[in-house]
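Working notes, beginning with the structure itself.
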């Protein structure tokens with residue numbers, strides 16, 4: 001018998017979601033890569049696997065695999081999908097869940113309008129926690145590229161590593177070419193997600209994100225959180241920021257640098273299917 005899956009998305013950042021509570025699922029890197037192919041597989045940005053947890057206080061394990069098969073520690077858009085998936089398929093009757101990823105714990109709250117708020121934890125700036133190879137923590141870092149040019153960027157971890165660049169216009173930003181160079185830069189030993197941020201006003205930014213292992217996606221929840229945190233810390237934006245991505249808007253709330261940062265946005269079901277091989 002094949003493995004049942006559900007296709008979901010958060011603002012167009014698309015996933016297959018697998019129930020590992022009621023099914024035994026062991027996918028290899030090669031299998032995930034084949035399934036992610038949009039011509040010969042299903043096609044998705046990430047594969048999400050929800051599993052039972054044996055740890056007190058944790059409702060589920062939440063595993064995230066990029067399209068290249070790499071398991072990563074954070075996906076905010078996926079977390080919203082996981083919350084609605086768990087309730088819809090009867091894995092829980094709760095509206096507030098705690099899930100454990102490879103790197104962090106996340107609190108998920110299903111709101112009355114079926115949007116989901118995700119506690120993304122306290123952002124981390126220390127180079128060793130990102131990780132980034134740097135002698136000391138700095139508001140901004142300079143990276144030398146293969147072509148001899150240098151680029152200035154901010155670096156932060158929100159459960160996964162992010163670089164954030166301030167640009168004048170995201171429509172003309174070299175997201176794919178420069179994003180790829182930065183993502184694979186040796187100063188980021190685990191690769192890095194790269195956000196191109198345009199500040200619109202005190203409460204709004206526009207953003208495009210090159211995701212490690214995926215390329216540019218039309219929405220990235222953790223990227224929105226990372227960019228909003230950088231905007232608040234270094235550009236004096238509000239404690240409530242609307243992040244406009246190609247796929248739609250996310251709301252980020254961060255009352256102070258020592259508090260957890262909260263991501264709120266939608267999630268949607270698309271279809272169900274069965275993996276035959």
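Note that Cβ sites are derived from N, Cα and C of the backbone, with glycine treated the same way.
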Same substrate site per Swiss-Prot - residue from 46, 137, 253 joining 13, 66, 76, 77, 160, 193, 211, 212, 221, 222: 46
Rounded Cα separation (Å) that holds between residue 75 (active site, proton donor) and residue 220 (active site, proton acceptor): 8
Length of the line joining the Cα atoms of residue 66 (substrate binding site) and residue 220 (active site, proton acceptor), in Å: 12
Densest Cβ neighbourhood among 66, 77, 193, 222 (binding-site residues), 10 Å radius: 77
